[in-house]
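Undergrad: Per Swiss-Prot, the features are:
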type	residues	note
DOMAIN	37-330	domain 'AB hydrolase-1'
ACT_SITE	S133	active site, nucleophile
BINDING	R206, D326	substrate binding site
ACT_SITE	D296	active site
ACT_SITE	H325	active site
Amino acid sequence: MSQTLTVPTLTLENGTTLRDVPVAYRTWGTLNATGTNAVLVCHALTGDTNVADWWGGLLGPGRALDPTEDFVVCLNVPGSPYGSVAPVTVNPDTGERYGAGFPPFTTRDTVRLHRRALETLGVQRVACAVGGSMGGMHVLEWAFEATDDGAPFVRSLVPIAVGGRHTAWQIGWGAAQRQAIFADPKWRDGTYPPDDPPTNGLATARMMAMVSYRSRPSLDGRFGRDAMPEQDGTPYAVESYLHHHGNKLVDRFDANCYVALTRQMDTHDVARGRGDYAKVLRAIEQPSLVVGIDSDVLYPLSEQEELAEHLPSATLEVLSAPHGHDTFLIELDALNDLVSTWRANICSSVAA
């Protein structure tokens, strides 16, 4: 079950100071006496802290995330509706939900908040940070966190299906999805009541996202031009599939949260304010397993190849599957084999 801790204050990059900031989290395993065996799992856009649910194939004895050896931690990202500070949580200064007034978080704000949370849990250093998509963005930002003596706070990195910065291609996808939400009359500039949210807009945004998360061979191979029964109202099977996923998200997510998180993703750029992009990547010295997907059209393999080219201690592995971007949430056995083998060969030296 998810637990919650409170960070007393947090000042964001834009100067906003928040107080009594909740952070939801789950853990598996036991933190060692030196506080150095933590493995941080960073979740994706609409994910939550329940790693056992969406990455169960990687979690367990003998697997990539081994609670008999690791203190596995997943922290909910601010902006998400699953327990951390977000548009759906109460602003202690007003006694009302943040709603449309939720301040903009950057990926760096998230990492700074999560570091405070980890330190509250007694973590002194993280042995490995692993995550895909939005989670991979946070993994790369963790590379720049240092201890008081200047050593890396996170000793090894596993960014999956992500690049070192959000490109115009990815920003454009998010912008179009947000516009679908804004076009819903129930959006009301984000001030909608909790019992009457812009469900059509959010469902449409999810439908658009699902297309980008798959690949043409995946959708063509699964659905082709198959038709649905007339009474369904959607002529083609792929339409029914997209409507299904749109409606599922509406039942478990919030439109303001979706807007906040996609905007946070757009801030992702490891070189912002740090200098030349290639030089910044070359400064990341931690052992890194970069995982790409050969059918990913949203974060194409060329972006992981670029990361691996510049990260001085990187290993590149490729998941070959037709599913597209979401392969890292589908081909769990293959991903587990890659991560567990790499950790056994490389990361044992950093888990002291």
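Glycine is no exception: its Cβ is also placed from the backbone N, Cα and C atoms.
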Undergrad: At 10 angstroms around each C-beta, which of the recorded positions D296, D326 has the fewest other C-beta atoms nearby?
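TA: Least crowded of the recorded positions D296, D326, by Cβ count within 10 Å, is D326.
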Undergrad: Cα-Cα separation of D326 (substrate binding site) and D296 (active site), in Å?
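TA: The separation of the Cα atoms works out to 8 Å.
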Undergrad: Can you name the recorded positions among S133, R206, D296 whose CA is within 10 A of the CA of H325 (active site)?
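TA: So the list is S133, D296.
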Undergrad: Rounded to the nearest angstrom, how far is the Cα of R206 (substrate binding site) from the Cα of S133 (active site, nucleophile)?
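TA: Given the Cα positions, S133 (active site, nucleophile) is 16 Å from R206 (substrate binding site).
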Undergrad: Report, in whole Å, the straight Cα-to-Cα distance of D296 (active site) from R206 (substrate binding site).
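TA: D296 (active site) has its Cα 17 Å from the Cα of R206 (substrate binding site).
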Undergrad: Three states by DSSP: which one describes R206 (substrate binding site)?
TA: helix
